[in-house]
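Student: I'd like to ask some things about the structure below.
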Ligand SMILES: Cc1cc2nc3c(=O)[nH]c(=O)nc-3n(C[C@H](O)[C@H](O)[C@H](O)COP(=O)(O)O)c2cc1C
């Protein structure tokens, strides 16, 4: 199969908006929430989808999409399987970066920091807010491990449905819960004409955020 398009010639000129020192908030979490609100209002397809990058003990990076579920005063919260590949990476190296790309708004946000598990009660509350089918799914899927077939997964799902049939509330598995990325670096990128994009970076030291502009 060959590509049917000349992908080298695909290019878009970005011209929707500007990001200026005057317009950006002094608090990067407020700036982030403002942009996320706009992404949601603009009905972008998955406004809370982010690319989470982690690194293994032997320094191999890997990345995958997860969904942002909260922006707390600590940072950016997402939920997953603690025994997954990302979970194992984070157990060894509790660092990561997350990237949002809101194409329709010509915006990217890059965030870096340390990552830790959220408190068990935060995971419990979110777990129980999910549809029962997703709760069963968290028990049935040994995320990131090799399985023999789709049927194996469906058999596990049926088993846990049966096991928990008499319970009003599916218990949260110990291997499933939230993480919070505590930001130390937050970069806001706004596409501009002629590839001369705006990049404003916030860096945290001693609980103070400083701000600078980077060349695109
Ligand atoms: C739009 C989208 C949303 C996703 N949301 C999550 C999520 O919130 N949590 C999660 O564990 N996996 C989520 N996934 C699946 C992950 O991308 C990934 O396949 C899974 O977490 C296993 O990753 P790992 O083997 O690197 O640990 C999502 C995938 C997509 C495409």
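Cβ atoms are placed via backbone N, Cα and C, with glycine included.
Okay, so TrEMBL annotates it like this:
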- 11, 12, 13, 14, 69, 126, 130, 134, 195, 196, 197: substrate binding site (BINDING)
- 64-69, 79-80, 85-86, 108, 143-144, 189, 199: FMN binding site (BINDING)
- 37-155: domain 'Pyridoxamine 5'-phosphate oxidase N-terminal' (DOMAIN)
- 176-216: domain 'Pyridoxine 5'-phosphate oxidase dimerisation C-terminal' (DOMAIN)
Student: How long is the line from the C-alpha of residue 199 (FMN binding site) to the C-alpha of residue 130 (substrate binding site), rounded to the nearest angstrom?
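Tutor: Per the Cα atoms, residue 199 (FMN binding site) and residue 130 (substrate binding site) stand 36 Å apart.
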Student: Would you mind sorting out which binding-site residues among 68, 69, 195, 199 put a C-beta under 6 angstroms from ligand 1?
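Tutor: What lies within reach of ligand 1, judged by Cβ under 6 Å, is none of the binding-site residues.
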Student: Same-chain Cβ contacts of the domain 'Pyridoxine 5'-phosphate oxidase dimerisation C-terminal' (176-216) under 8 Å, 6 or more residues past its ends?
Tutor: 13-21, 24, 26-29, 31-32, 35, 69, 72, 74-82, 90, 96, 98, 106-118, 120, 122-123, 126-127, 138
Student: In sequence order, which same-chain residues at least six apart have a C-beta under 8 angstroms from residue 195 (substrate binding site)?
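Tutor: In sequence order, 216 meet the Cβ cut-off.
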Student: Just to be sure I understand the packing, how many Cβ atoms besides its own are within 10 Å of the Cβ of residue 197 (substrate binding site)?
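Tutor: Within a 10 Å radius of the Cβ of residue 197 (substrate binding site) lie 19 other Cβ atoms.
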Student: May I ask you to report the DSSP-based helix, strand or coil state of residue 195 (substrate binding site)?
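Tutor: SS state of residue 195 (substrate binding site) = helix.
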Student: Around residue 85 (FMN binding site), which of the listed binding-site residues (11, 69, 130, 197) come within 10 Å, judging by Cα atoms?
Tutor: none
Student: When secondary structure is assigned with DSSP, how many helix, strand and coil residues does the domain 'Pyridoxamine 5'-phosphate oxidase N-terminal' (37-155) contain?
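Tutor: Per-class counts: 41 helix, 41 strand, 37 coil.
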Student: To which of the binding-site residues 66, 68 does the lowest count of other Cβ atoms within 10 Å belong?
Tutor: 66
Student: For the C-alpha pair, I'd like the distance in angstrom between residue 144 (FMN binding site) and residue 130 (substrate binding site), rounded off.
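Tutor: With the alpha carbons as reference points, the distance is 21 Å.
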